[in-house]
């Protein structure tokens, strides 16, 4: 076991060597003071990235949907299989270019082909997370990776407009997923590292509200452009993201915690001065004289992953978190993609799903300081699983009941996702936090990667989609039992400090 003395600590007085000096987190909190206007504006600006994240995540609900059709001859009925009808006996209700299915004649394609664009997007998210996540903890930092990710996502979304077949479209969706992969992680970590312990949970929830806002704008944009080409929706969502990327580059501050861990003390102090509240100047002056040691690990591009795998307790924590989040991802991404299989109006059902994210964010915002992480995750994953299965068993009797159960299941998955991100943020120290959260999000995406195919298969038998969703999230949710409770504990900055605090606070370290 490594030395239990934390590395990132101010140099203690020789007369007080037996007393534990304040951690970097405590020292930064003293410098920042109360939650000020500068911190609030930074948190809002950084968290707004979640709006564009949500739009690109769920845009396929409308662009890849199979449109309604009608008969044009007596040889056709509404119960007929469209693939067995003569081409001149039926027609789409909307213009052909309102969906990729109708424009490229994919109505009779296999489930794998129909789900290829969405699966390519999630595959891109998975690959992008593995490739780019550690750059936020090593070379680039939180701000630069957020800027580059937003830029890649926006330009790939814009170029999607020029796709003329499903193969080019799927390839650009893959690139879009690569760019989108680390946006939520960087935004969450950066916004919470700019504030102290008292406000960290609330600031983290701002991103969840922004994600809800982004999800809500999609059915609104889609409804306004319901008779227009699916390309219009990509135009509406990609161009604003380009302008937002410029704002991030010029206005957002880098995380002072990350700068300290990287040994860039002068830059960190400068940023702290720019966001410090009134009355903190004296603390800042004394802070500039403090001596902080660098993280003892050798930092390179993939050092954060190496650290997580080298420390047995960290590796087990990470794998346990990822197992739990996998099940959440299958419901979280699968249910919105499967809305086209329900009897409800697509625009209304998507709006209701987006609105259900709002109470999930409110529950997280107001109760995050009162609820234990483990108990909350167990309750919400179980509730989501039960309602997902019931929507298949009991939903056949009433479309309203089916929609209600689907909304409860999705709401529970959203809340579990929010709490799991905060729980993960508290489980790992600054030097690997971004990579740990990103790996958890990749597990979420990995669960979502199976959803498009299950949704396509479930169009004929919902037990193969909603039933599987419910069983997986219910089983995976049980893994949280193996994790330590983190509510109210001090955030750490190095692996040694995390190990030290976990031992001295009688919080079990896995491994």
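Just so you know, glycine gets a Cβ as well, placed from its N, Cα and C.
Quick caveat, the model's predicted, so the values are computed rather than measured.
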- Which range is transmembrane segment per TrEMBL? Of 463-483, 484-504, it is 463-483
- Under TrEMBL, which of the candidate ranges 84-101, 174-191, 264-281, 282-299 is annotated transmembrane segment? 174-191
- Task: Taking the transmembrane segment (407-428) as the first stretch and the transmembrane segment (233-252) as the second, find out whether 3 or more Cβ pairs fall under 8 Å, excluding pairs closer than 6 in sequence.
- Result: no
- Residues from the same chain, set at least six apart from the ends of the transmembrane segment (463-483), whose C-beta lies under 8 A from its own: 316-317, 320-321, 323-328, 330-331, 334-335, 338, 341, 373-374, 377-378, 380-382, 384-389, 391-392, 406, 409, 413, 416, 423, 427, 447, 451, 454-455, 457, 510
- Item | Local confidence of the prediction over the domain 'Major facilitator superfamily (MFS) profile' (42-488), expressed as mean pLDDT | 84
- Query: Excluding the flanking five residues on each side, which residues at least 6 beyond the ends of the transmembrane segment (347-368) place their CB within less than 8 Å of a CB in that stretch?
  - Reply: 58, 61-62, 201-202, 205, 208-209, 211-212, 215-216, 218-220, 222-223, 226, 335-336, 339, 403, 406-407, 410-411, 414-415, 418-419, 422
- Positions on the same chain near the transmembrane segment (115-133), where near means CB under 8 A and six or more residues out: 56-57, 60, 64, 100, 145, 149, 166, 169-171, 173-182, 185, 304, 333, 337, 434-435, 438-439, 441-442, 445-446, 448-449, 451-453, 455-456
